[in-house]
Amino acid sequence: MSGTKWTDEQRQAIFTKDCNLLVAAGAGAGKTAVLVQRIIEKILDKGEPIDIDKLLVVTFTNAAAAEMRERIGDAISKGLDEDPESKVLRKQLTLLNKSNIMTIHSFCLQVIKNNFHTMEIDPNFRICDETEGILMKQEAIDELFDELYEIENEDFINLVESYASRKDTRLQEVVLELHRFAKSAPFSYDWLLNMAEEFNVGEEFNFEETPWADMIMEDMKVLLHGFKNMLQQSIDVILNSEGIDYYYEPFKMDLSFINSLLEKSSFKEFRGEIIAYDFPKLPLKRNKDADKEAKERVKKLRDKVKKKIVELKNILDSYENEFIKKEFIFLYPSMKALSNLVILFDKKYEAKKRERDLIDFNDIEHLCLSILTDKNSEGHIIPSDIALDYRKKFAEVLIDEYQDSNLVQEVIMSMVSRVKGYWSFYNGQLMFNEEEINLEEPQICLDIPNRFMVGDVKQSIYRFRQAKPEIFLDKYNEYSEEEGTKNRKVKLFKNFRSRKEVINGVNYLFKQIMSKTIGELDYTEEEALKVGASYGEEVKGEPIELCLMDKKYEISEEVLKEYNVDEEEALDNIQLEGRLVAKKIQKLVGNNLEGGLKVFDKKLGEYRNLQYRDIVILMRATSNWAPIFVEELAKEGIPVFADTNSGYFDTAEIKTMISLLQIIDNPLQDIPLLSVLRSPIASFTDDELIDIRMVNKNITFYECMEIIYRLYKNEKLDSYYSFYIEDENKINKIIKDMNEKLKNKICSFIEKLKLWREKSIHIDIDEFIWFLYVETGYYGYAGALQAGEQRQANLRILFQRAKQYAKTSYKGLFNFINFINKLKFSSGDMGSAKILGENENVVRIMSIHKSKGLEFPVVILSGTGKNFNMTDLNKNILFHRDLGYGPDYVDTERRIAYPSLVKNIIKNKIRLETLSEEMRILYVALTRAREKLIITGLINNMDKTVEDWLNLSEDKNKVPEYAVMSGKTYLDWIGPALIKHKDAVSFREELKMTSELSNIVDDKSKWKIELWNKRELLKEKVEEDEVEISEKIKETLMNLEESNYKEEIYKRLSFKYKYDNASSIPTKLSVSDVKKQFILDEKENTEELFKKLELRKPMFMEEKKKISPSERGTIIHLFMQHLDLKKAENEEDIKEQINRLIEREFITYEQSKVISPYKILKFCRGELGKRILNSNNVNKEMPFSIEIPALEIYKELDKEIYKDEKLIIQGVIDCYFEEEDGLVLLDYKTDYVNDIEEIKNRYEIQIKYYEEALNRITGKNVKDKYLYLFSVDNYIKID
């Protein structure tokens, strides 16, 4: 029936039968089409057709299931058009509605509903809403903690003291996270208990024989391979350079040592050899003909190897068996208590769900698992009778997106598939054993395997949902490509989506960086994508573009002045990357003289001009970056939409409605009440609110309104209100003098509020919210505003949430507000309502995860210089599904806390798995592009970074694994791969990287690497603004030529004030202003520095921006002002001090992120920190004002006229302290430092005035003056 021309590999995937078939389908390989065609061939087979309801087809999403059902229905309908009398086709069309094409959760739910009698659940059970589940979990854990405190459970108390810090919430979070994590294991109680028992070691314990030891050794061997390459590279240089051959022997010995370590299989031998090795000293021969550059280069490489080996020695030296044994024994009670605590919590949570006849999302899989599994007499997990019935029913089980399966899903699918074997626990891990098992009823058709699995492990990007790509990989490595085998694999790597330029670039990059270590698969020629799409010769493909910008490209104040740009705008790197992307889009779409890109339209079958809708900007995460990009693109007139999961609760209409609900529940809340009173719902003015507050400043705002209401209505005040009225006559006078209109307004609002409070009790919350929309007119008002359709859509979402809540077991307005608050914080906010159609002509911004399965003519991947998110590694207890618990070692009696050995191992394992996930996410991003791919990113210190990339280019075929392992951004991977590509030559030349590369790669992929800088982007922006302004000026001047007042206008515009020089001199100057004046070119006119006041938008009207460098400096200065050096012994102490400032609301949490505990600790432990500690007289943030002659600053002024003019210089001294022989002045600087001498010159005059101020104020000598530079963690002395 299909007219599609299938490739040989696709035909194998469609027609191969009687085996377990794994189809590895690369990006754009048409796997959905293949899966659908396989189903169609099965149900329409002329020899042995299979009814469609005898197939189980498991998809990843409901949308995928619906699409698959639709495709199959279309194919059957098309067949009926050709053969209307076909009984087979008619039957299959009828059965299609009964087909088992569904998600794994839908299948599990079907199993539960058909077999609820085997479980202790009500047949009328309901699946609880996610937020309802969160509320129940919080109730359960609060009750559990209260109970355990009450009975003074010793294990629980010890656990709290060790891991709860100051609040129980931290331990509660650990329990909730571990509970969620354990639910990804098929038998979660077994997993929890087994993981705790790993710490229960006896006297016979030998760490060297554990899997942990092997893991340490294997991870270190990856680094050793890198060291081997470095040493081999050094030997090559020695042999090919003049006069340094005497280095050959020691380098050869080092290389032999590394090779010996790589061959070791015993951890004991590996550890012993690395600890015992001493690097031989290099000969001190002098040879005047020696190649000094080569000599220095190999010495640097060897020093780097030596340093790393010493680090490994220190790590291995700490892995002493007795020490580790004691650590395990000490941690065992806590870990056992933790497992038991999670089990107790789960039982309490289960009881709460049973009371309400509820199950949650996790229960669906676990209940299904318990229905489908039994244990035999040997404790092996085997299929139940119900599972055997499913094996009889399903002729084939087809699983889509198999790479995203978790272990629970894998066990479920194995129970209903015809596979030989059983599951059992081995060393705490659930393993599948492919062996015969004895069943009371013989297994059905076990000789005919019936599993079809399709996916791409390179696109497995859901590890955070506990997806386990190893399930796919194990089969991929074990299954054979030979015909006739019972476990077979087929590879579909021909890409029918992208141009060859995109495919060649993707292949080049991932051959360089993806490996079993990072990515969990070697990306070889065999795994590489093959070109399958044809774009003809009419339009040539373009190279992949890499656009880089240096974060540290310093813009001088002169440049800022020249382009009239303030510091914040100039230095917001995300904003500038957004501006760069906007420029690229303008060029692509053709908003300039060069014309735009042509793309092929599949529907039209021809090329057309690129439209905005053809472009997507992909980001790793959109929450912080997308709004800034939207702003920049909008400035350039580019229509744009950002698909984010945030911002909904910040919209004005939702904040107003939630405030209204809050005061209906409890009006004694000033902030939400004032929000409603100022809104169109009540329309009070600021002056009216002030009049109300004058009644009494010591009670709530509502109580003030209530007093006015009662006295105005001549109602008697009860004792509660009378208590707050000190002078009733005074209050009566205030009310008497009050505007009559205001009093009526207050009465009207109070009466409405009382009515609403009463009504909220008697109707469901969703009805009540809609009643408020209509009663207040707010829904109609929101619709009349700008973006009214969007605002009303947001209000409808709140109504839908209320409707959803009304179906839960929780009732009432108070609980609904809690429900919304939990939704806000547990789900991390959510995006605004989507009112945008698919065909809207806008550029879309979305996360890489949301783009999976989609394709776009043009893809721009941005934010590639952003660090990977590794914050989870800092938690005090880590969890790993295979390795178990990784806790901190906490001894409360001795007040000792440090990461345990097993935590360090697990931390490294999770880090590598996270990097592998990031590698696959990068692959997904790059393979979304059909015709054009652009990558943008910011780099810290371009010259140094590129130099580092060049040092990693010794192997032309692969970026060293150790370098990939140490990567912190996508650019850390992309850069070293591309720097040795033949297309990077001009880029290297632009950076004046003249050193020759011996390993330039002549690959067929095409790249264009561009270096952008901030000055360039600022200049372009200003030039565009200037063109627009000049056009307006021209238009005005043309009109002026025809004006009767032309001469008078020119005369007035040409007027010059006689004492203009004097008017430009301020009466006060800050020290920073003085500094600026002194660093200006001597010829520069003073007026340029102190221009007349320019009007800007007030801050409250400015759009929210990221923390600027100047704000960063202010935050760090504020912290240093409050820093207690006596309580700063480690980073934890400093974090505590940061948290204290947050709690006292000196800084926000977002602002606290710019303070580096590591850098602060370096200051505290440094010379200046120690001197401050030893001083008995330390002063911080001391303001001063001193008077000086104006001519001291303004030397160009007439000396006779201005000899008596004075200026006030004012400033704030960061810190000064007293020692025996004088004062020490200290000033903190957060500037980026490029040149020490330049920094000294820049701040010399500033420090001079600080010194003069201290001399005048204290009468004491300033003996030392220092600048402390946080960017380099060091100080410089000012002479």
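Cβ atoms are placed via backbone N, Cα and C, with glycine included.
Noted in Swiss-Prot for the protein shown:
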- 4-499: domain 'UvrD-like helicase ATP-binding' (DOMAIN)
- A25, G26, A27, G28, A29, G30, K31, T32: ATP binding site (BINDING)
- 526-853: domain 'UvrD-like helicase C-terminal' (DOMAIN)
Around the ATP site formed by A25, G26, A27, G28, A29, G30, K31, T32, which additional residues qualify by having Cβ within 8 Å of the site's Cβ center?
V34, D456, L492, N495, F496, R497
For the domain 'UvrD-like helicase C-terminal' (526-853), provide the mean pLDDT of the predicted model.
83
Count, for each of the binding-site residues A25, A27, A29, the other C-beta atoms lying within 10 angstroms of its own C-beta, and report the residue with the smallest count.
A27
Cβ neighbour count within 10 Å of G28 (ATP binding site):
23
Among G26, G30 [binding-site residues], residue with fewest other Cβ within 10 Å:
G30
Proximal but sequence-remote residues of the same chain as K31 (ATP binding site) (Cβ under 8 Å, at least 6 apart):
V23, A25, D400, V454, G455, D456, L492
For T32 (ATP binding site), which residues of its chain lie six or more apart in sequence with Cβ-Cβ distance below 8 Å?
A64, E67, M68, R71, D400
